[in-house]
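K.L.:
Annotations per Swiss-Prot:
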ACT_SITE  Lys192  active site, proton acceptor
BINDING   Ser11, Trp12, Arg33, Lys106, Ala141, Arg256, Val280, Glu282  NADPH binding site
BINDING   Lys106, Gly137, Ser139, Lys192, Asp245, Ser255, Arg256, Asn257  sn-glycerol 3-phosphate binding site
Amino acid sequence: MTKITVIGAGSWGTALAMVLADNGHDVRIWGNRPELMNEINTKRENSRYLPGITLPSTIVAYSSLEEALVDVNTVLLVVPTKAYRDVLQEMKEIVTEPITWIHASKGIEPGTSKRISEVIEEEIPESLIKDVVVLSGPSHAEEVGLHQATTVTSAAKRMEAAEGVQDLFMNSYFRVYTNPDIVGVELGGALKNIIALAAGISDGLGLGDNAKAALMTRGLTEIARLGRKMGGNPLTFAGLTGMGDLIVTCTSVHSRNWRAGNMLGKGHSLEEVLESMGMVVEGVRTTKAAHELAEKMEVEMPITAALYDVLFNGNNVKDAVGSLMGRVRKHEVEAIPDLL
């Protein structure tokens with residue numbers, strides 16, 4: 001039995017805590033809202049982020065980070081990307097032994113454009129890190145909470161570490177594959193949020209299935225293009241954390257990014273959308289980070305650039321569609337030296 005603390009009591013952190021508890025592990029969950037932690041402990045529900053789902057009685061919630069981390073050997077980080085450094089800086093003052101650091105957040109750090117595993121390795125001393133592992137894939141918290149069949153990927157530099165996390169989570173409704181491509185897995189999970197925003201805009205504008213299919217397909221091309229430039233394996237983007245996550249995020253009403261894009265397509269401002277959502281929409285921050293990365297690394301990402309102009313430069317969504325459709329003629333298939 002593993003002693004594991006989930007850092008972050010949002011919908012995804014809560015759902016993953018359920019999986020771990022169902023597997024018989026000693027599970028704690030930490031959140032910074034005492035009233036929510038009390039509700040989890042007394043009513044066995046997280047009514048704010050995962051309403052209607054009864055949580056296992058073995059999950060213990062804490063609002064004290066120090067108490068939540070007593071004697072743990074594994075932590076699972078599920079917090080917004082912008083909060084990582086603050087949380088990690090607190091944690092490194094509490095943790096005293098090397099532990100496994102798993103993260104299940106899908107984003108790129110604002111300002112630095114770094115992957116979350118890079119942030120962890122920068123903030124946590126090497127003496128406190130046993131392994132850093134990423135857990136990602138097409139997975140809505142609402143469906144995991146209902147024990148609906150879900151499949152994700154565990155990625156780490158050491159395959160033994162990825163397999164260890166696979167063993168932690170795998171059960172009859174939650175299947176885990178392994179992948180050594182931590183760069184590709186992280187980028188696929190983060191960048192698909194950009195395309196989900198664009199797909200939501202397309203649906204909000206009523207552009208139809210043809211346009212949405214094109215956005216998803218060409219969007220995957222952009223993800224793979226930047227991912228390969230940053231060291232990811234092109235094949236990863238055809239897997240669960242690339243194509244798989246893109247499909248589920250672009251087509252489901254559970255997707256925050258799709259819902260946010262849908263509101264933008266219907267004429268709402270970004271400020272109205274973010275206020276209405278009440279939860280983190282990682283795609284907004286990721287669009288900015290990816291646009292900066294693309295310019296820095298000279299990678300062509302036209303959908304990302306068009307969305308960036310809508311979100312941050314006030315461009316009209318209909319004009320953005322026109323600019324994409326009117327681009328110079330191109331070949332569809334690009335030669336990838338690694339594969340050809």
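Positions of Cβ are set from backbone N, Cα and C atoms, glycine also.
Mind running through what each feature is packed against?
P.N.:
Neighbour list (Lys192 (active site, proton acceptor), Cβ cut-off 8 Å, at least 6 residues apart, same chain): Lys106, Gly219, Ile223, Gly242, Asp245, Leu246, Thr249, Cys250.
DSSP classifies Trp12 (NADPH binding site) as helix under the three-state reduction.
Arg256 (NADPH binding site) carries a helical DSSP state (H, G or I).
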K.L.:
Suppose we draw a 10 Å sphere around the Cβ of Glu282 (NADPH binding site). How many other Cβ atoms does it contain, all chains included?
P.N.:
25
K.L.:
Around Asn257 (sn-glycerol 3-phosphate binding site), how many other CB atoms lie within 10 A of its CB?
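P.N.:
I get 26 for this one.
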K.L.:
Spatially, which candidate from the binding-site residues Arg33, Ala141, Glu282 is nearest to Asn257 (sn-glycerol 3-phosphate binding site), comparing Cα atoms?
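P.N.:
Of the binding-site residues Arg33, Ala141, Glu282, Glu282 has its Cα closest to that of Asn257 (sn-glycerol 3-phosphate binding site).
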K.L.:
At the Cα level, what's the spacing in Å between Arg256 (NADPH binding site) and Ser139 (sn-glycerol 3-phosphate binding site), rounded?
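P.N.:
Given the Cα positions, Arg256 (NADPH binding site) is 12 Å from Ser139 (sn-glycerol 3-phosphate binding site).
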K.L.:
Is Ala141 (NADPH binding site) helix, strand or coil when read with DSSP?
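P.N.:
Helix, per DSSP.
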K.L.:
Max Cα distance spanning Ser11, Trp12, Arg33, Lys106, Ala141, Arg256, Val280, Glu282 (NADPH binders), Å?
P.N.:
22
